[in-house]
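Please read the structure below before turning to the comments.
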């Protein structure tokens, strides 16, 4: 039976500071690193051991993956880094304090930007301090100026179809270390969650979510490993 492990990166510095992060590259905090290592230890203790790994091009997800694999005794597994697993791009909100943004624009407007399915935040200005167009990791990639959750799903699902799903069908136990919104995309697809309901799904940092799938990759069971 194919098995998929999803893990959101451990707490990042901007999670701690309550800032919009998106594609900007911030590191995990000491707490975030501990969350990642604890997740890997849980994988080892429960015997849920990945044989193949996928992650984004962002440090917080990559480091979470490595710490979890180290704790699980699985640093040797092959990993694939794919930009399509990056967090949703928060456009012109990138770097802003969430509370200050709400005070400036109003709670309802910020809620629409954060939690609507298909309304993106204002675009990031070209040449701003958070413009990643010249970042070497994105050579050949059209870096978005902003994204809605719908936009994020539209890039995550081809990664699923091209890479992750074939690996599961081939018998791999796959771990995906990614971000709140890129993981929402996978959960929505696998669990058949509606556009409206997926926006309210919270995915905690550093907590492995396990999918037991049938041979057609339909969900048999979904659970937090810590609850088993």
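Including glycine, each Cβ sits where the backbone N, Cα and C put it.
Noted in Swiss-Prot for the protein shown:
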ACT_SITE  9  active site, tele-phosphohistidine intermediate
ACT_SITE  87  active site, proton donor/acceptor
BINDING   8-15, 21-22, 60, 87-90, 98, 114-115, 180-181  substrate binding site
SITE      179  site 'Transition state stabilizer'
Worksheet item: Among the binding-site residues 22, 180, whose Cβ has the fewest other Cβ atoms within 10 Å?
Response: 180
Item to complete: Give the residue from the recorded positions 9, 88, 179 that has the most other Cβ atoms within 10 Å of its Cβ, counting over every protein chain displayed.
Response: 9
Practice prompt. Taking only the Cα atoms, work out how far residue 88 (substrate binding site) lies from residue 179 (site 'Transition state stabilizer'), in Å, as a whole number.
Written response: 8
Worksheet item: Just checking the recorded positions 22, 98, 179, 180: which sit within 10 A of the residue listed as 'active site, tele-phosphohistidine intermediate', CA to CA?
Response: 179, 180
Worksheet entry | Those binding-site residues listed as 8, 11, 14, 98, and which of them has the most Cβ atoms within 10 Å of its own Cβ | 8
Worksheet, complete the sentence: Running the recorded positions 8, 14, 22, 87, 98 through a 10 angstrom C-alpha radius around residue 179 (site 'Transition state stabilizer') leaves 8, 22, 87
Worksheet item: How many neighbouring Cβ atoms, not counting its own, are there within 10 Å of the Cβ of the residue listed as 'active site, proton donor/acceptor'?
Response: 25
